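A.B. asks: Before I ask anything, here is the structure I am working with.
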Amino acid sequence: MRNCCLRQLGRIDYASALEIQEQLAASRKQGTAADHLLLLEHPHVITLGRNGHLENLLAGDDILERAGIAFFPTNRGGDVTYHGPGQLVGYPILDLRDWKRDVGAYVRALEQAIIDTLGDYGIEAGRIPKLTGVWVGERKIAAIGVHLSRWVTSHGFALNVSTDLSYFQYIVPCGLTKPVTSMAALGVRASLDEVGERFTRHFARIFDFEMLPGASLAAA
């Protein structure tokens, strides 16, 4: 069993969280840091993946500014997505050489951890063939977009817990016309801390981690 450091960052702006990811990823590549799982919540922000299309952003700068939504192009996979209050965001910084050198298996493992977490609340979630993310019927409840460099991961997932879904009106989520949903919209009331704790348990089981709290850990 390997060690993974859990860092709960609370509500943090996208740029600051990205800086933390980049610092940890650089240290992980150098072998001076352990694997990490960052759990957090963002203020309103729309991000565009490296393969994204601007036409899936349905609002101009003036509209986004009035709505209080920041915009960031990123190097993660996927298209356009929204992050905001009430959404559990997870950024694993992992060296997949210590697990499986298979990005597809990694994404499926993240999806499974989310599916199992939702199952704890009686929500029957699953996958849609050839699409990334976690779905309840035809509605997306969690988005996944990752980045790998020398087999070290960054970026990750966003699970709609009590997200205000009206903010998705400004985008075509992940470039798909399918609707979105949240745990709250499905009648489940839960705090981000509680959902994060349950996710962490499933994440640790699937990746065979012992989760250790703290700001930073040397590589095990």
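Cβ coordinates are placed from backbone N, Cα and C, and glycine is handled just like the others.
According to Swiss-Prot:
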| type | residues | note |
| --- | --- | --- |
| ACT_SITE | Cys174 | active site, acyl-thioester intermediate |
| BINDING | Arg76, Gly77, Gly78, Asp79, Val80, Thr81, Tyr82, His83, Ala143, Ile144, Gly145, Gly156, Phe157, Ala158 | substrate binding site |
| DOMAIN | 31-211 | domain 'BPL/LPL catalytic' |
| SITE | Lys140 | site 'Lowers pKa of active site Cys' |
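Give me the lay of the land around each of these features.
C.D. replies: The Cβ neighbour count for Gly145 (substrate binding site), using a 10 Å radius over every protein chain in view, is 25.
Secondary structure at Lys140 (site 'Lowers pKa of active site Cys'), as computed by DSSP, is strand.
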A.B. asks: Measuring Cα to Cα, how many Å separate Lys140 (site 'Lowers pKa of active site Cys') from Phe157 (substrate binding site)?
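C.D. replies: Rounded to the nearest whole number, the Cα-Cα distance is 12 Å.
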A.B. asks: Which whole-number mean pLDDT does the model give the domain 'BPL/LPL catalytic' (31-211)?
C.D. replies: 94
A.B. asks: Over all shown protein chains, what is the count of other CB atoms within 10 A of the CB belonging to Val80 (substrate binding site)?
C.D. replies: 25
A.B. asks: Taking the residues Arg76, Gly77, Gly78, Asp79, Val80, Thr81, Tyr82, His83, Ala143, Ile144, Gly145, Gly156, Phe157, Ala158 listed for substrate, what is the greatest CA to CA distance in Å, to the nearest whole number?
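C.D. replies: Result: 15 Å between the two most distant Cα atoms.
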A.B. asks: Phe157 (substrate binding site) has how many other Cβ neighbours within 10 Å of its own Cβ?
C.D. replies: 24
